[in-house]
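Here is the structure we will look at.
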Amino acid sequence: MLFILGISLFIELSKRSVFAGTPPNVILNSTNFAWKAGQTVILRCYVSSLEAATESVFWIFETGHGFKTITPSTNSDKYRGSSSSYPSLIIRNLIFTDVGSYRCAATNKYGTTISKTALFLNVTGESPNVTATRLLYNAEIGDNVTLDVSIYSPDSVLLSVDWFFHQKGFEQKINVSASAKYIGSSLERPSLLIINIQTDDMGNYSCIAKNPYGTGESEQMSLEIKDNRPVVDVELQEYHGHLGKSILIACSTALSDNEINSVSWIFHDIDNNLQIQIKPSSKYEIGLHSNPSLLIKNLTFSDEGLYKCFAANKFGTGYSSWTSLSVQDIPIVDIGSEALNSSYGDSVTLECNVSSQTTLNKIYWERNSTGNVITISSELAGINGVTIENPGLTINVTTSSDSGFYTCVAENSYGIGKSIPTQLNINGGIPVVKAYETVVNATYGMNITLHVTIDSAPEHFSIYWTKFVGNETEIIHNGTIGTSGGTVSSPSLTIRFPTASDVGIYKCYARNVIGTGSSVNISLVVEGGAPTVNIGSVFYTTVFGIQITLQCIVIADPPVRYVFWHKNVNGYLTTITHGTVGTQGISPTSPSLTIVFPGKSDQGEYTCIAVNDLGQRGSLPTLLSVSGGLPEVSIGTPPHSATFGESFTIHCKVLAVPLHTDIYWQHILEGFVRIIRKDTLGVSGVTLDDPTLTIDYVTTSDAGSYTCSAENAVGKGSSKSTNLNVDGDMPVVDIPLTSYTVKHGHDVALLCIVSSKPQHTNVYWIKESDKGKLVFNHGTTGTIGMTVENPSLSLKPVIITDSGMYTCLASNVIGTGVSRPISLIGNDVCICFLNMLRHTYIVLNPLKNERDTKHAKVTRFPIMRNQI
């Protein structure tokens, strides 16, 4: 119902145009697909439009949660196709959310048609694999214990992680969020941390994880309370000793030597119902601490009974379970040699020595030949020995069937004693011819070999084959036309060009001086038909310009006469044959397609097609993707700052496929563009191996914008621009005050502050007045300062003629900096007295511009009334 409602609009549009013409015909080639997660699948759709061109193709994807429309612009990393030129839909990297029904729809000017059938796509994947790191945990009361698991979910993310507690047939899910006792059991931290272990926590635990594809469960992990008493174990529950020999009853403890205080053994005499503590003596040796094993010497039947091992520490005494000891007099059987060789027809004797204090009941031999065991007794014809008095075995006349492994066996009332096996090799007999297979399937026209091996002693001197068809038998010798092999040195038979006439039953024969041996029947079947064509992979990727071979495997009977490829790009089909420019292969002997210099235009869907006398057949399509392009160039984007006169480096990194062939930099300053290459004066670097730019001696002209560029066969790639600031300029000259007023005869210091990089080398001042400009340098009479260390100007003392505008200047290798002007005003000092008699006053004025004049000039002025 959801799907019908969702597409009702498209059906309505189709109905409105039904009388104007015919909408496209849309057919799906399948109704069900099942693919594994991570694979790429092609949903085939065939569109035909008789009355008008197909304008668009789209797909409708329906799940239980709704439906969506897939067009050529829908997630190009996930979907390809779904266009008028290539209506099929390619879905990459399948995941569980791709499961659902798909319908193909096509539109022309007369309407829209949706495929009548839907294609159901099922995506299969693996359920989680939950692995317990350990299966047994021992903890003390109050400890914190982490039960570790690892979870592998290859095809999808996990949906949940849960833990279960198992105790005495009871199972309970652990609610981690409801208790502070547990931490973990989450998607990010699947392991389970149990806080403050108590006896109630003892039991088995299991972890269960779910993903969309199923559920995985770990093995159960046991959590137990530690017992600090020594854990004492005996190695075996039963020991069997031999009369008069020694035996070691192995015992071990789980604690280190310095934690064991004492060890001891108890012997329980079953016959007399007595328990005796064993003490070290010439009869018994007891190991120490963590290895308290018991060595019993010169065994007698009175040593039979039960034994228990004890070990004590400060927490108590631990003890093992009982172990039993039985004393037996089983025969000891030795053979003279581990391997014997004899020639076909000779006599051979296998030595055997038996030691037993108890009377022997029986002597016999066992022969094992290729897993088949037979018993040899003294009654068997053709042998001597095999008696209690003479346990050895003599074979009077050996044959090939006597080869094998022989064991001497002796029995008494306590049991059976056996020797180690001795191998007897009989050299000689008729040849043994072994066939690898009883049925061999050959392909028409393709070499086939009927494999055999021959074991022969004496060496065989003749080889031949027979072929049986119906009631006729054909002898095949070395040199028979159409065959090779079938010789003494190479007995296998090769049929060079099998046809229907070679079908039959084959048999290989070999002859030596003893006789003739033959293989089993070998049935040869020759098959033929239209070629079987397979591709190496459904998806190939390569890098721009890197040669790629699309594998094509052709099996054909009769042989292939012609091979070609189809390339499909958005429905446009191109045929590629042997000799096509830029390709190699595409021949009956080499059907694979090699693209010598792949580019973006070579991307598409490729199909390999082979033709023989019985027909033509094509492979499944394979998709070719070509990566690579313009070089990727990157440099540091923040502005760079360099110091005038020093060396400075701007780094550049280039990633290029295909490899770049040229490197250069672009420098822009105030609209002027300069190209920098490796041979540009004053720079280093700018090479294919090291595209970094180093300016050997930075000046202000090096400031500006820099871009690194690289070129390969595809074109040019450039980095972002970065700015370079040069830390250096003509001096900055500043004055704190712009005006000074000083009385005649006083001192004044006109302050000047200079900042310079590189360091300034000269300081001087200029005075401007109505008389013109006057330059002051260091050392000018009546001045102090005007140095690199002290650029200020001090006048000592100030006279009226010092009034004017002053400017401070400083120079470095770049240029000269100038301060703002400073106004200096000198106040006149009038030394007046009245000449009352003459009605005049006298003014002493300093001489102008004569700073070293010691006497003043006297000027007389008449006194006005209003001045008195």
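Cβ coordinates come from backbone N, Cα and C, glycine included.
Record features (TrEMBL):
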type   : residues : note
SIGNAL : 1-20     : signal peptide
DOMAIN : 24-115   : domain 'Ig-like'
DOMAIN : 128-224  : domain 'Ig-like'
DOMAIN : 230-326  : domain 'Ig-like'
DOMAIN : 331-427  : domain 'Ig-like'
DOMAIN : 431-523  : domain 'Ig-like'
DOMAIN : 531-627  : domain 'Ig-like'
DOMAIN : 631-725  : domain 'Ig-like'
DOMAIN : 731-823  : domain 'Ig-like'
Whole-number mean of pLDDT values that fall within the domain 'Ig-like' (331-427): 91
Contact between the domain 'Ig-like' (128-224) and the domain 'Ig-like' (230-326) (at least 3 Cβ pairs under 8 Å, separation 6+): no
Helix, strand and coil totals (DSSP H, G, I; E, B; other) for the domain 'Ig-like' (531-627): 3 helix, 59 strand, 35 coil
The domain 'Ig-like' (230-326) - residue tally per DSSP class, helix then strand then coil: 6 helix, 50 strand, 41 coil
